[in-house]
Amino acid sequence: MLVLLAFIIVFHITSAALLLVATIDNAWWVGEEFFADIWKVCVNNTNCTELNDSVQDFSTVQAVQATMILSTILCCIAFLIFLLQLFRLKQGERFVLTSIIQLMACLCVMIAASIYTDRRKDIHEKNEELYAQTSGGSFGYSFILAWVAFAFTFISGLMYLILRKRK
């Protein structure tokens, strides 16, 4: 039982770490001479421009930013609630509240990654002056980490739903 508990805790912390890196790091769209994410666009590693309301379709970028931040916060809250429930639940009860919050984090990261997947090309085309040198890029590791975090949070949310408290 102790090994299972340790695995669940490590799995959850890994999910939170993946979400943090995917949200913070500047590598959602990368190329040889540039990298761009949901916060800024950098060309030649020196010329960085923050994304602000002057960017067309900034509301789309803000939706991705907000849902990634929300997913990270929800994942951390789910972990704290899990620890609280670990000591408060009666024997045999399920970690339903933790599961619901973790699945909400999963939903948020899925929404963010899906919006970015769908709208990235439109944002780049509508803001040619900002994204002029980013046409030859590909999805970066932060984008991939967001999808991996989606899978991790989904699995952990299901794990919490199935899990019952034992002695």
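In case you wondered, yes, glycine gets a Cβ from its N, Cα and C as well.
Remember, predicted model here, so these are calculated numbers, not experimental data.
Residues or ranges marked as N-linked glycosylation site in Swiss-Prot (evidence: sequence analysis): Asn44, Asn47, Asn52. Positions annotated as transmembrane segment by Swiss-Prot, on the basis of sequence analysis: 1-21, 67-87, 95-115, 143-163.
All features noted in Swiss-Prot, drawn onto the structure.
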| residue | record | contacts (Cβ under 8 Å, 6+ apart) |
| --- | --- | --- |
| Asn44 | N-linked glycosylation site | Glu33, Phe34 |
| Asn47 | N-linked glycosylation site | none |
| Asn52 | N-linked glycosylation site | Phe58 |
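DSSP gives Asn47 (N-linked glycosylation site) a strand state.
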